[in-house]
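*Asks:* Here you go, one structure.
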Amino acid sequence: MQVGSRPAPCHQNCTCSGAPQSPWDGAPLQPGACSWLGAPLCSSLPTWLGAPLCSSLPTMAPGRPCAAGLARFCQKLKRQKPLEDSTMETLLQRCLSTLDLTLLGVGSMVGSGLYVLTGTVAKEISGPAVVVSFAVAAVASLMAALCYAEFGARVPRTGSAYLFTYVSVGELWAFLIGWNLVLEYIIAGAAVARAWSGYLDAMFDHRIQNFTEAHLGVWQVPFLARSPDWLAASIILLASAFISCGARVSSWLNHTLSAVSMVVILFIVVLGFILARPSNWGEGEGGFAPFGFSGIMSGTATCFYAFVGFDVIATSSEEARDPKRAVPLAIALSLGLAAVAYILVSTVLTLMIPWHSLNPNSALADAFYQRGYGWAGYLVATGSICAMTTGQINGLFCLPRIIYAMAVDGLFFKGFDYVHPRTQVPLLGILVFGALTALVTLLLDLEALVQFLSIGTLLAYTFVAISVLVLRFQRASQSSSPSLAGSGLKAKEYNSFSDHLELVGPGQGPQPGQLRPALRPYLGFLDRASPGAATCWAICGLVVSAIALGCGLMLGYSVLSLPHWANLLLLLCSGVAFLLSLLVLGAHQQQRLKDTFQMPLVPLIPALSIVLNFCLMMKLSYLTWVRFTIWLLMGLLVYFGYGIWHSKENWREPPGLVTARYVAFPDGRLEETAQDPGQAPAQGPGSP
């Protein structure tokens, strides 16, 4: 075989010369070539389903797109980032220990939620049963946290849910997840800064806000805040300056503020139990659960967002010294500490004073004031400011690293992948997006925008859970080796060496996606299709049935206005489909690794996490979905205008070069074969 040789052009109207093309294949366009969305489609297209695309296409009229272009276009949308790129080598500084990562997670979760959310849920949603709401929310968050822990240990690179989706589901979905994470961190940072500013301003009798409104007036413009919040914008700029000094400086500041916050929480719990009155949970005050089971579950949906900060640990895994051990341990410890803190604080809060007399805006400080301990309110305010500053720093710590990961992969604008040689941080991302977050904080009204946090977080959790299933059951793209056709031996051919290492390396055992040997006599019909087809359809069926379950449970009687029998039928059919998909996945082999953390009870835990996330997403208002759709459309413009053309995966294997393929034999031997992308693979004896 001659390396670099090409067949004839696609058809008589195509004048392409066989040279590499861009954007599809990574080189300049050839003038006069037939095109799909401006890209030439010559015979150098790779083979698909074992045959060259162009050679099988009929002659088409000039100017009409080739069918090969559409196939190539769809393939690009679902191309995946190889796991072989996810090594320990990095431009960032690996300096974070398990303790550093744990405190990052605790600082992200125990922030304004502890000082604001606790009183709001207790007063308006759950009553004293807010304790149960936090406990259930912690268990629900644990399912998503285990998915993050497995990926954080397996793929020790920055990017969090964006990277996890890229290596398992595909490029387009990964970009959209990363795009939503960017918005999530911007709005979360602005919201925390506003809460921080309001808490500090309240300590000085709102003099700062009164001064601003007196000299600048009050704005009555839609989507703009009542007045510019200079204090909140300043804290964001100051936090960005600290973060630009390096991960070690950010970690040190986080340690200091987290220590102060923990001491204050310990003080609240001890003094709160001393002042506790069990009668505040009695029938005279409305009982323990005045809003019933519905109130507990509604409180759980709200309290769920108190634990969303653990993804900062996965985002920081590229800067961890030992990510395989530190990331899962830090996620478990931080989630446990945050859950204990929320449960204890909500317990003492509702025992100190009756739940119906709480002040939702400053519940803890007001509770001590009502019991005659006004001086304790200042300690609580100090702890709240430290906790919210920690959450602010951690959010700004993650945001530029998400941008950095996307820029390194070529999906976001070049320049954001710059790492400062001394501090080893993505400096441009910190400066640009720190300033953007400060601008949003200064000018915009955040009450409507904060709802974006819910849908963006839940969507990221959902795709991480799906990615765990894909990675466990669907990692390899494999086919029988044609070179051994008719030989009686079963060898497998892999598209990349990383697939061989992942699936048939020494000591790995059965390959994932294969039916369990004990079940083959009974479920052998599942293996009649192509390898991996059964698990692929099962994952798709599980996601679709989870969406149907969420619609039936949350919208069946309200938004959809279904009759009672119709909603029960929807729940029954979707429930049966969900269980069948779960059973089909459970009947197949999983990928087993001994040296990295793997979550237990797969596929059950990821499946339950997917259902829970969809149910919570269905509870969001339709305006949130409208705003979310608009943001997604903006992201699609960025992706198709820039990302798809500059993606690193677009330049990985230019046509005209030899494509390496690896054949694994039953005795463990590995043979490398070379194939020209423009030619079909050789067929074995007797092959059609």
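Think of each number as a place in line: the chain as shown, counted from 1.
Positions of Cβ are set from backbone N, Cα and C atoms, glycine also.
Quantities reported herein were computed from a predicted structural model and do not represent experimental measurements.
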*Asks:* Which of these ranges is annotated transmembrane segment in TrEMBL: 36-58, 565-587?
*Replies:* 565-587
*Asks:* Are the transmembrane segment (129-149) and the transmembrane segment (326-355) close enough to be called in contact, which here means at least 3 C-beta pairs under 8 A that are separated by 6 or more residues?
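*Replies:* When sequence-distant Cβ pairs are counted, the transmembrane segment (326-355) touches the transmembrane segment (129-149), since at least 3 lie under 8 Å.
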*Asks:* Tell me whether the transmembrane segment (599-622) sits in contact with the transmembrane segment (628-645), defined here as at least 3 Cβ pairs under 8 Å among residues 6 or more apart in sequence.
*Replies:* no
*Asks:* How about long-range neighbours of the transmembrane segment (450-471): same chain, 6 or more residues beyond its ends, C-beta under 8 Å?
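*Replies:* Contacts with the transmembrane segment (450-471): 143-144, 147-148, 150-151, 154, 160-161, 164-165, 167-169, 173, 177, 180-181, 183-184, 187-188, 191, 305, 308, 311, 539, 542-543, 585, 591, 599, 602-603, 606-607, 609-610, 613-614, 616-617, 620-621, 623-625, 627-628, 631.
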*Asks:* Establish whether the number of Cβ pairs under 8 Å between the transmembrane segment (98-117) and the transmembrane segment (628-645) reaches at least three, counting only pairs separated by 6 or more residues.
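*Replies:* Contact between the transmembrane segment (98-117) and the transmembrane segment (628-645): absent.
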*Asks:* Six or more residues out from either end of the transmembrane segment (256-276), which same-chain residues have a Cβ under 8 Å from its Cβ atoms?
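*Replies:* Cβ under 8 Å, 6 or more out: 103, 106-107, 110, 114, 341, 344-345, 347-349, 351-352, 364, 367-368, 371, 373, 376, 379-380, 382-384, 386-387, 389-390, 393.
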*Asks:* With a Cβ cut-off under 8 Å, give me the same-chain residues at least six positions beyond the ends of the transmembrane segment (288-314) that come close to it.
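*Replies:* For the transmembrane segment (288-314), the nonlocal Cβ contacts are 101-102, 104-105, 107-109, 111, 113-114, 117, 120-121, 125-130, 132-134, 136-138, 140-141, 145, 148-149, 151-152, 160-161, 164, 281, 327, 330-331, 334-335, 338-339, 342, 355, 391, 394-395, 397-398, 453-454, 457, 460, 616, 619.
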*Asks:* By Cβ distance under 8 Å, which residues at least 6 away from the ends of the transmembrane segment (326-355) in the same chain are close to it?
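*Replies:* Same-chain contacts beyond the ends: 96-98, 101-106, 109-110, 113-114, 118-119, 121-123, 127-128, 130-131, 134-135, 138, 141-142, 145, 148-150, 152-153, 156, 265, 268-269, 272-273, 275-278, 280-281, 285-286, 290, 303, 306-307, 309-310, 313-314, 317, 320, 363-364, 367-368, 370-371, 597.
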